[in-house]
Amino acid sequence: SLCRIGTAALAVQVVGSNWPKPHYTLLVTGLCRFQILQLLKEKPYPVAEVEQLDRLEQFTNQHKSEEELGELSEQFYKYAVQVNCFNPMYQCIYMYVWGFLSVSYLPFSLCSLIFFNAVRLEERFKMTIPLLVRQIEGLKLLQKTRKPKQDDDKRVVAIRPNRRINHIPSITEDEEEEEDHDDVVMLEKKIRTSSMSEQALKVCLKEIKRLKKMPQSMPEYALTRNYLELMVELPWNKSTKDRLEIRAARILLDNDHYAMEKLKKRVLEYLAVRQLKNNLKGPILCFVGPPGVGKTSVGRSIAKTLGREFHRIALGGVCDQSDIRGHRRTYVGSMPGRIINGLKTVGVNNPVFLLDEVDKLGKSLQGDPAAALLEVLDPEQNHSFTDHHLNVAFDLSQVLFIATANTTATIPPALLDRMEIIQVPGYTQEEKIEIAHRHLIPKQLEQHGLTPQQIQIPQVTTLDIITRYTREAGVRSLDRKLGAICRAVAVKVAEGQHKETKPDRAEAGEGEDCKEHVTEDAKTESISDTADLALPPEMPILIDFHALKDILGPPMYETEVSERLSQPGVAIGLAWTPLGGEIMFVEASRMDGEGQLTLTGQLGDVMKESAHLAISWLRSNAKRYQLTNASGSFDLLDNTDIHLHFPAGAVTKDGPSAGVTIVTCLASLFSGRLVCSDVAMTGEITLRGLVLPVGGIKDKVLAAHRAGLKRIIIPRRNEKDLEEIALNVRQDLTFVMASCLDEVLNAAFDGGFAVKPRVERLNSKL
Ligand code: ADP
């Protein structure tokens, strides 16, 4: 089993162990090749008489003519150089060409690559030369199929095969350098002809001077070059011409967006002032509202009305100052910030920048991005905004910034101070239906390649989607559901088209009731062989409630209000979240104990304090309202523990507005009476029993309306906020204005909440 030819080697190192399994690694240095002449013994290890191969005298002495070998070597050299020019990655050839490898070794190393058996050098040359020739031809062909490149040919011609050169690639290096030099000259020309500011020009010319002296291999070379290219690309003086016409802007805004009257009015005012006064140093507009109410899309419309470029910068989660201001150029891989990058992308210096989600800016060890935004947004400062990467001022005063946020609570005060907040509240159900039919459905039909002749979504279905499949202030989820319906219908329509091309199948179902909706179709689809026999659905496919259930699954939300209020100790509060208004069931229970109050549902400190306030007020008014604990004592906490729970326990809640709800809920618990099932309430309380105003009234009222509630108790001082609410919503609801807790309790319980009249005895002095 021994090979005839082997390699003699010197063992340099043996590493390994016998445990758990014998495993050794042997490091050897190869010495030369040999050939076995005779095997002397096999055991315990083979011993043989060998003869060394590849000895130099072998080549010179044994050959009939040295000339033949010389010729072969020259020939080989010529081809090897050519192959190397095509691809310098052939390392053994490269080493040979550079003189690191002796001529006799080269064919060996090539042979080892190609794997064939030839012992003598002459033989090896003869075998490898045709292979090299073939390789060169292949490479030439490959090059022809690529884009013809002059320099490659030049390189091949430039090599003189008969001469042993030790440093061939210098020619190509020179060429590259020359090319790069040309590029730098071009870049310099571009810099001089660009319209950059004087300060920037000065910096650029200094940098280009440095670049010319710098060797290309330095990492800084690429960095400087990229920097200069960016400087040339930036729109220093390039802008689009505003085509602002207020009447057209009004039409465009109305066409793109339904409702949002307040927002559209303010935007038009802003644009009107801009039309009258060209460089407006006005405040930055910030649209604040729940997701999906059209904040981003209004921003886009503003850009469209002005005829400006639009660029959105998402700031959610940005927690590094360099994201806004860029990295200093001392860092490898440094980049400009998002503002400068945005300008480079749009290519003009007066775009509309939408700073999306400014309330979700983070903070970290890398600095506060909100602080960096201060300079960007301040009209007094932003004409000389300095990005760390550019290190020269760029004029941002022509850029129109618009910001969006879900809540103002998390916007840093300094940033908030520079912006004018425009609240964009959620939509009513009627508004949502209109938006769906005017904007969302036509858009979805277009996206899915459908026409109104193929699908029909009546308004009742839209209402069903809104009430049973979504619970949101905006319309994003509604849009997604409509998308899902369109997808399902697209399948049916495509299938129908397919079937129409096979008339024999369609005829098979003749006489049957052709009218079907997606539900029935889906049923037939489940039985694969009958599916093919089904008729193409009759157009338009009507989406009714059954079809809806089939496509979107069973309804996700049902009105559960009356069910949950069937016991004492439950009341409905109204909460405001960044996602819009929500109704919230507050539950209370009591048990034997030591007068402790347990609060659950991830409450913030302010809410916990409200709970304590409510208990204290009820304890101090227990006699007046005839409230007793389980053993009939007016001391409500005597031998009693109270547990208050705010459902959706995983969501953190805070704020003072649950005060009245907690009082009502506890009053119900201690009086054993049920709170009216159609009442919701909101308001802050004081220890003296006053009801103070709270925020987010519009969103809260809309949430109560969505949930089908009829009566809403709000603080009297919030009465003015009701004007913002659409008339049809106001007509559906009854509002109770309360200035003290007595009024709240009277409205929350059927037939009022009895107050024991205070008996004031007047003792006559007479
Ligand atoms: P936001 O930025 O407030 O989260 P978007 O601007 O992304 O919301 O709006 C989500 C989708 O809803 C968009 O497709 C938008 O066109 C649509 N939309 C929202 N409000 C309206 C409206 N009043 N009229 C027409 N389409 C609307």
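Each Cβ is built from the backbone N, Cα and C atoms, and glycine gets one as well.
According to TrEMBL, the features are:
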ACT_SITE  Ser657  active site
ACT_SITE  Lys700  active site
DOMAIN    565-751  domain 'Lon proteolytic'
REGION    497-526  region 'Disordered'
TRANSMEM  93-119  transmembrane segment
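For the pair Ser657 (active site) and Lys700 (active site), the C-alpha distance works out to 11 angstrom. For Lys700 (active site), the Cβ neighbour count at a 10 Å cut-off comes to 28, with all displayed protein chains included. Lys700 (active site) falls within a helix when secondary structure is assigned with DSSP. Across the domain 'Lon proteolytic' (565-751), mean pLDDT in this model comes to 86.
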